[in-house]
């Protein structure tokens, strides 16, 4: 059937900011869907406040609205744009829940908007726990014993009837938000209130906990005529009770018999049929490891999901693209497989390789957080590795995590002295990165059975890890360079060992291991092509990986143009997110426009850059020195771009250059001078540029003497780190000693710098691109003071309180550094401004986290300028002849970027701001005034809302700092009709004080609509902040932001927030990008 012709304009809802459980996989799936719609000539309207994504650009969408994903704002967009239809399946749970709410309020019917894909009724059947259970039972599909509950009392009764242990699941949620496993009534009662706070419908499901059952997922595609295929089977190595987002996941399934595979596949197809799926859905099932015929259907997601993104990249089957086409009315057999360009979309992929996904956590950044993993997602990102066997793929995946481990064995966690009982304790508690702890347990003499009892991981996977350990320990015992050693080395390479691992195990150097490897004919791994059908049909794309388990290269397709390699950002973690992927994809576009063949190296399954049609060649590979050099010598490019991939790529710049790799852009020696804190501080002194007083930490005694001379507080900063890792403000000698030790552990090879911390300074920065003579950029002012990491700050363009003299000095410094360091690409300088003086804090000679925001607010694509600077040596874009600094300063509009925290997801963590970054994503909005842009941006952060008039607002200061701003906020909120309270001992003027216990009771009873506070003082107010975030109360954590927000609520209000398209602010003379 041809597609429906009554759809000419489609509204698509994005997923908003990157947050735990809802990350860049939706940027990828949404981008694919927009691409599919554009191919069909359909006009698209996108609502998504995530300024950092490729999706919110005119490359894909016809109309882009940065604004809150809330019904009132989306209705304003609908009123202006009048779309024919809406797509809900490509923006995660945020888009689905919002779509259901638009339907319930009658907004969709009022404007005659049709829902494409799975109908609302099907969405509700899938996402309401009670309705899903009924639907499955009606379809004759088994579900675990369970009871829906709408109150704490009902849930406790249900658990008594079912019997402990139980798992509590929340309706209309994702990432296991609010879910829990309870082994007793006391444990259940303790966390139920929090579970209900996560539920959008006030409903939870109390279900029998299936201890150590296997968790299997199928990705199902179905058209509206009932044709369907199971595109992928994903096996969770972790058992039931560990959220799939927290689990090690393998494709294809490794431990199922054919009987089990077909049984569960058939069940998955019946689930899709039962809910009326149209497009793509994920079905999760539990299989009893002791009885092949006993299984249960656990849940389904009638939308693109994290697993869908993984399945797409693992199989080469473009699930989101196909799902969007099916939503338009196509049949499966009418659509082509875009990898082979010969077979149709109704062919189920077949894999001749193994894919392993491993999550990445950043729990050490959060004080008080619960460290074990379970039914609720806490991981920030994930990696995907491809190998010819499980061991090879797993070793690659561990390296890709960028946690300082060279693989499953030989790293610091594996080598640190511990007893077997200590290691088994970590496995029982489910501490992150269990494959390393399992390997260590085997090294200490544990049996497969012992590790299985501690983890519930199938013995097959455990035996593969034990094999890695056996080879590692043999290497350790064998005389280097003997014939036995060389045989072992060949075996180790086939099991995914890196040269660094072998060197660590044998006490030799990487160079010697490499020489030995070459002597036995292993010059490099072979290049393999992903074709989706196990080589039955030739592939028409360059989707590649490398393996030592192959004897010849697949021949990639070449264009004949000069070739360059672009290094991606790797795994997402706090500080590295989709902003860097925006840079990679935007730069790749510009490089191709300038006539280059672009080869991207990256391994993040969530990203647009790892989509095989973004570049001329994609290597889904490690970003390690060994692998990048392998690719470099095979591809023979004109050079490598390392300034777009965040800290991973930046840290590779110098070692790559030392190995003869040609870096394009800013020279490696300049990068080294900027990243090494001590060297950079010396450079600033030579240039006469002010900086806070500093010293390099050569000994604790010297540092303490320095701190005494300049006075506390002081700032401790390691080198070559991102997101402020181990960056701390020390207020006493005891704190300083502790922080120096932490910083030395994070960056052991480089100096730790200690500098005077300037209290109450304004923080500002310049985002720019330079070519050594020309500089183009903008000045950004932070709302929060210096001392709050830039990634956690509210950013404003143009500046709003900086003196013009300070801005001129910042521009002068940028021009000087551009010339002196021979910059040829993007850079970012961070400043502190105090009493009119400008101090440089740091310089990053790479694309910054804020560059998508800068570009989209100003209407100037910094990546286009970066491509010209790096590849042509000269920026022409936007220049009319003269050199110097081109200042990008919007007139008539403002842009505000707000951080997206994930406090609620991180049970136990203290919500507070400081020099180490803790937010997981960002949003932005534009407005005609600063207050309009600020309010719109703040409301775009998930969980933020303006409480109804008459609600209670709690405002206090735990340290006494910020009391003036908070008092003004209290006065303004009172004027607006709110009841404002403060806390005794932490009072602010203009609010009625309450004893701490009474304030806690008020929060617990749901009486507080907004909390405003400041500073980082867990010993003073941990309970108030933690309870507020657990119960979903919006929290403002800085005094100046609280005051400005109160002004915005007073002056603007929801009714006056405009819904304008991005380019309406830019004006007609800006070329959309």
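Note: Cβ is positioned from N, Cα and C throughout, glycine not excepted.
So that you can see what the record holds, here are the features copied from Swiss-Prot:
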REGION    1-402  region 'Carboxyphosphate synthetic domain'
BINDING   129, 169, 175, 176, 208, 210, 215, 241, 242, 243, 284, 299  ATP 1 binding site
DOMAIN    133-328  domain 'ATP-grasp 1'
BINDING   284, 299  Mg(2+) 1 binding site
BINDING   299, 301  Mn(2+) 2 binding site
BINDING   299, 301  Mg(2+) 2 binding site
REGION    403-555  region 'Oligomerization domain'
REGION    556-944  region 'Carbamoyl phosphate synthetic domain'
DOMAIN    681-871  domain 'ATP-grasp 2'
BINDING   717, 756, 758, 763, 787, 788, 789, 790, 830, 842  ATP 2 binding site
BINDING   830, 842  Mn(2+) 3 binding site
REGION    945-1073  region 'Allosteric domain'
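Within the set of binding-site residues 301, 717, 787, 789, 842, the entry lying nearest in space to residue 175 (ATP 1 binding site) is 301 (CA atoms). For residue 787 (ATP 2 binding site), the nearest neighbour among the listed binding-site residues (129, 208, 242, 299, 301), judged by C-alpha distance, is 242.
Overall, the recorded ATP 2-binding residues 717, 756, 758, 763, 787, 788, 789, 790, 830, 842 cover a maximum inter-Cα distance of 18 Å. Considering only the binding-site residues 129, 208, 717, 789, the Cβ with the fewest other Cβ atoms within 10 Å is that of 208. The highest number of surrounding Cβ atoms within 10 Å, among the binding-site residues 215, 299, 842, is found at 215.
Take the binding-site residues 284, 830: by the count of other Cβ atoms within 10 Å of each Cβ, the lowest one is 830.
The most crowded of the binding-site residues listed here (175, 301, 758, 787) is 175, judged by how many other CB atoms sit within 10 Å of its own CB.
Ranking the binding-site residues 215, 242, 299, 717, 830 by the distance of their Cα atoms from the Cα of residue 842 (Mn(2+) 3 binding site) places 830 first. Between the farthest pair of Cα atoms in the ATP 1 binding residues (129, 169, 175, 176, 208, 210, 215, 241, 242, 243, 284, 299), the distance is 19 Å. Residue 242 (ATP 1 binding site) counts 24 other C-beta atoms within 10 Å of its own C-beta, drawing on all protein chains shown.
Each residue contributes its Cα atom, and for residue 242 (ATP 1 binding site) and residue 299 (Mg(2+) 1 binding site) those atoms are 14 Å apart. Each residue contributes its Cα atom, and for residue 215 (ATP 1 binding site) and residue 299 (Mg(2+) 1 binding site) those atoms are 11 Å apart.
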